[in-house]
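Visitor: Dropping the structure in here first, questions after.
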């Protein structure tokens, strides 16, 4: 057995041990509970998994969309399902902010909530639905399976302007990205690992056309040509984040090392000294990426929690209870 293979096996074993420890005593475990719905809605996780599975069988690209919904929810007002609320006559909600205009998968969350309300009305929060759906979407795309502590409550505030400084923009500025993640309690390691969520899904030309023009030194020539052809169709045209965009794997990081990152904020992770080594490690050891992503998701899923009397359990994820 070669030294490299021995090292890989050692890393796998180490990560399995560490992952077990995280799942048993992860951050925030005291606030939430793995068996929160064990008595009140014992089939909650099965219902979520079933609806997500049906949706992904029809459209595998929704895996990235569902994961993105959870991200965009947690970074604004915490993980309280505020991204799911519809705009009203006197308020423009988060989902209609410029950064969220391309979000998809709302109908999947509606389907889950409808099924849960039929089984156990008024019990499972929309915030917990988002966290579970994101986990199941990752797993069904061949990514890691991780426990999701439950017990979040749904918020009532959803304002488009709250997204302006809270969501990570597709820019070439690691310092800014580190600051935005740090604002919600996530460190640099979490940032690089969670950015790996871009192993799933697509981006619109509006978000990468400037990279084609201005970042030729860090953009593979063949990819630049391909993306240029895409963007000739307009800002609404899309391209995949990596070559296996419906499969959760480490290809995203390998693409960065080959200067094939789609967004400026992707490629800058490899170009910046603060994060380059981590990208290389995740590219070389996908198991390490899986473990780090699990840790990051556990932390992200517990940003600014609303629990107990704070918040509510919405009857519909699109509107606050009357």
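Glycine residues also receive a Cβ, built from the backbone N, Cα and C atoms like all the rest.
Below are the features I grabbed from TrEMBL:
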type	residues	note
SIGNAL	1-30	signal peptide
DOMAIN	31-321	domain 'Plant heme peroxidase family profile'
BINDING	168	substrate binding site
BINDING	198	heme b binding site
Visitor: Could you state the whole-number distance in Å separating the C-alpha atoms of the residue listed as 'substrate binding site' and the residue listed as 'heme b binding site'?
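Guide: Approximately 13 Å lies between the Cα of the residue listed as 'substrate binding site' and that of the residue listed as 'heme b binding site'.
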Visitor: Can you tell which of 168, 198 has the most other C-beta atoms within 10 Å, given these are the binding-site residues?
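Guide: Per the Cβ count within 10 Å, the most buried is 198.
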